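Structure, as structure tokens:
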Amino acid sequence: MIDGQTTEPKQKTRIILAPMQGLVDDVMRDLLTRIGGYDECVSEFVRITHTVHSRATWLKYVPEIANGNKTFSGTPCTVQLLGSDADNMAANALEAVRFGADKIDLNFGCPAPTVNRHKGGAILLKEPELIFHIVKTLRERLPAHIPLTAKMRLGYEDKSPALECACAIAEGGACGLTVHARTKAEGYEPPAHWEWIRKIRDSVDIPVTANGDVFSLQDYIGIKTISGCNSVMLGRGAVIRPDLARQIKQYENGGPVKDTDFAEVSKWIRQFFELCLTKEANNKYPIARLKQWLGMMKKTFDPAQTLFDRVRTVKDADEVRRILNAFEHEINV
């Protein structure tokens, strides 16, 4: 990619920020959608077990509900549920809607062993009939105007159930499906099998969103071309390269495509830390989240490694703020 390059206008693609548990919480959603390029984001999953969650619980995980289901930059946010009890998932979905949620997504893709042991996420890909029952139950009980979508992987151990599970989701009544192009067993090991997204897209009559291994504009062009999808979900790539969605929109709009520099990134880092402090005015949460993010970005931005080294052993938020301010000044001199 060349800074300043201009392209012809492309067919519009929806760019969605992925739900990533423990990584893209409401603060990260807020920041990344402020940077721009996103048409929608999806919340971290809200785990559904044997209880019906209170309003306080919904707002803890998806505070966007109280803001008209939008991040503070105005990007729509969808509520994601994870579970296997169709009746209780439906009851919770109805409560979320009662409190203001206007779109529900179902998680059939989480690869976390703890989640899978409790019959949630990707383990359900072993049971297409149960997936169908869950989707059908929620679709029948939710108000007709509330969109119901789902996210899945290609399977648990292998890809053999991929088409059956996708069809179960579509036939159950979902109006959209996101496919992460790996099995649970593959975790996040490359490569993502983008060609399988096309197979699924060709097998169902609902819109399919492509997801997996999009870390650059070139990756985006590749997944869109191979999958044939007009909707792409960004996951880890969105965190590692915070301006990725913005670059994609520049490309799609036919304008100049320009990489960010670390002077701009340093401003986002400081802003992120301040947003974390606003959420929890203590030392633990803001510092842990900052170190997590820097630890991911240092693979792409060399100065992130330098900044990570400076804050790695710091445990006081005021000291971290001082380091961030000094580093930003240093970068911008």
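Just so it is clear, glycine is given a Cβ too, placed from its N, Cα and C backbone atoms.
A quick note: this is a predicted structure, and the numbers were derived from the prediction, not measured.
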Same-site FMN binder from Gln80, Gln305, given that Swiss-Prot records Pro19, Met20, Gln21, Lys151, Asn211, Gly212, Asp213, Gly235, Arg236: Gln80
Pro19 (FMN binding site) versus recorded positions Arg47, Cys110, Arg289, Lys291 - nearest by Cα: Cys110
Residue with minimal Cβ packing [other Cβ atoms within 10 Å] among the recorded positions Gln21, Asn107: Gln21
Among Arg47, Cys110, Tyr188, Arg289, Lys291, the most crowded of the recorded positions [Cβ within 10 Å]: Cys110
Cβ atoms near Arg312 (site 'Interacts with tRNA') (within 10 Å, other residues, all chains): 10
Those residues of the chain, 6+ apart, with a Cβ under 8 Å from that of Lys151 (FMN binding site): Pro19, Val42, Gln80, Asp105, Leu106, Asn107, Phe108, Gly109, Leu177, Thr178, Val179, His180, Asn211
Using Cα positions only, nearest of the recorded positions to Cys110 (active site, proton donor) (Gln21, Arg47, Gly212, Arg289, Lys291): Gln21
